[in-house]
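In what follows, a structure is listed as structure tokens, so that the remarks can point back to it.
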Amino acid sequence: MNCITIDDEQMARVIIKTLCSEIKTLNLIEEFSNAIEAIKFLNENQVDLIFLDIHMPNFSGLDFIKTLKDPPKIIFTTSDPKFAIEAFEYDFIVDYLLKPIELPRFEKAIKKAQRFHNIQSSLKSNQNTQIKNDFYVNIDRRLIKIDLPSIYLIEAKGDYINIKTEEKNYIVHSTLKKIEEKLPTSLFLKVHRSYIINVKKIIDIEDNSVLIKKDVVPVSRSNRPELMKRLDLL
Amino acid sequence: MEQPNLLYIEQLARGEQDVRKALIDVIKSEFPEEKEIYYKSLQKKDFEEIKGNVHRIKHKFSILGLEKSYNLANEYEKNLVDGYLDANQVKDFEAILAVISKYIKTI
């Protein structure tokens with residue numbers, strides 16, 4: 001998880017940095033001594049987790065969370081227990097750590113944050129799969145629906161692509177790059193500059209080619225490692 | 001009087017001398033600055049500022065294992081929130097600051 005810390009006290013930031021270095025899954029990418037600088041950073045960067053102090057001069061941690069449109073998970077780090085109830089009114093507040101923070105308590109908070117993060121990622125991935133179950137292509141001024149799982153191969157042919165499905169083939173005026181953006185990465189893989197395959201439809205693989213249905217598709221050397229990663233090898 | 005210690009720092013550093021040194025260096029540089037700012041706010045009798053500075057400094061108390069002093073700072077801060085500056089608390093707080101100032105010269 002990529003994270004940042006916001007605390008006006010340098011000592012508190014160094015402690016968070018030290019604690020983060022003990023957790024392999026955490027990547028502390030930036031630290032801020034005030035919330036305004038952090039807002040600017042978050043306008044251009046995405047993070048998974050924020051360690052946030054509440055008491056800061058001029059602009060408090062509670063002021064800060066009210067400015068967030070799409071807040072990541074937040075762990076409060078404070079010396080003051082009195083905001084705990086208010087903090088948990090926000091569903092993106094994962095935990096509330098009282099200073100001085102000790103490693104076992106920190107690890108517990110991170111496990112909690114990781115659980116939330118995993119649930120969110122899996123929800124996003126499910127939504128992605130659900131939404132992208134089919135798409136429409138424009139052929140001779142007709143919009144034709146194609147079921148994504150039925151596609152086994154997409155081949156570049158000059159200014160056109162040939163979409164091969166179980167039932168029939170569709171020649172569409174488009175590029176491999178454009179269609180690749182619409183395909184779920186869980187199912188499809190570009191194995192060559194002219195070919196995208198449905199990995200679920202592979203019959204066998206030789207050194208530099210895969211057999212899909214009756215098509216032998218070349219696999220370029222640079223794409224081979226990714227292909228091998230996708231296979232469930234014994 | 002309660003004396004500071006490095007137990008928390010040692011725990012965090014887990015035997016790594018570089019980490020231990022980095023943490024101690026931050027205390028040594030940040031504490032005198034915070035102390036100075038605190039005294040300035042006290043001179044101005046700016047309660048908001050005094051409160052903020054006490055809040056920052058009390059974290060150092062807990063890092064240095066000063067539990068009783070931390071509780072005292074908490075009470076001092078609460079009174080400041082209520083707009084009340086207790087002369088005895090000011091004196092006790094100053095005494096703790098002096099102990100820490102002396103201690104950090106030895107580490």
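Heads up, residue numbers simply count up from 1 along the chain you see.
In case you wondered, yes, glycine gets a Cβ from its N, Cα and C as well.
Taken straight from TrEMBL:
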DOMAIN    B:16-107  domain 'HPt'
MOD_RES   B:HIS55  phosphohistidine
Cβ neighbours within the same chain of the residue listed as 'phosphohistidine' - under 8 Å, at least six residues apart:
B:GLU77
Please count the residues of the domain 'HPt' (B:16-107) that DSSP assigns to helix (H, G, I), strand (E, B) and coil.
78 helix, 0 strand, 14 coil
Find the average pLDDT over the domain 'HPt' (B:16-107) in the predicted model and report it.
95
